[in-house]
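Visitor: Sharing the features that Swiss-Prot gives for it:
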type	residues	note
SIGNAL	1-19	signal peptide
DISULFID	38-104	disulfide bond
DISULFID	42-46	disulfide bond
DISULFID	54-151	disulfide bond
DISULFID	56-72	disulfide bond
DISULFID	71-132	disulfide bond
DISULFID	78-125	disulfide bond
DISULFID	88-118	disulfide bond
CARBOHYD	97	N-linked glycosylation site
DISULFID	111-123	disulfide bond
């Protein structure tokens with residue numbers, strides 16, 4: 001393929017990605033990871049939640065493959081709902097510029113009352129997802145499964 005054609009193809013792909021309705025990541029991925037650590041002490045293996053099943057990680061499609069994947073689908077849907085709140089428009093457009101406030105006490109997560117409407121909503125999306133993760137078994141066979149083949 002001619003290099004100019006590759007550039008056009010790349011531009012189209014980037015354009016399509018930019019216009020798709022992929023839910024934004026947590027306000028602060030590190031915060032979400034810390035929430036996971038609070039509830040499920042997993043060390044470096046917490047990253048395994050970022051490429052699991054059809055919904056854990058960027059994007060998501062098809063039918064969730066198990067309970068843990070359903071937790072991630074619900075989390076994606078929660079973020080989509082947050083995107084509909086007028087209070088969240090500026091926060092979600094630049095998600096790493098702000099963080100929500102929460103506490104971890106003996107494995108229990110609480111979103112603090114000092115969060116504004118959007119941060120409270122997103123904190124609860126993340127808290128609910130992490131609580132769901134804690135109750136769902138992790139199946140090593142569903143890590144990095146290849147979305148194209150398995151998530152239609």
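Note that Cβ sites are derived from N, Cα and C of the backbone, with glycine treated the same way.
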Visitor: Where does residue 56 (disulfide bond) sit in DSSP terms: helix, strand, or coil?
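Guide: Assignment for residue 56 (disulfide bond) reads strand.
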Visitor: Please identify which of 56, 78 has the densest Cβ environment, defined as other Cβ atoms within 10 Å, among these disulfide-bonded residues.
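Guide: Counting Cβ neighbours within 10 Å, the top one is 56.
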Visitor: Which entry in the list of disulfide-bonded residues, 71, 104, 111, 118, has its Cβ near the fewest other Cβ atoms, using 10 Å as the limit?
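Guide: Looking at the disulfide-bonded residues 71, 104, 111, 118, the Cβ with the fewest others within 10 Å is that of 104.
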Visitor: Around residue 72 (disulfide bond), how many other C-beta atoms are within 10 angstroms of its C-beta?
Guide: 23
Visitor: Sorry to bug you, but what's the C-alpha spacing from residue 46 (disulfide bond) to residue 125 (disulfide bond), rounded to the closest Å?
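Guide: Distance between the two Cα atoms comes out at 18 Å.
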Visitor: Determine, using Cα-Cα distances only, which of these disulfide-bonded residues is closest to residue 88 (disulfide bond): 71, 72, 123.
Guide: 123
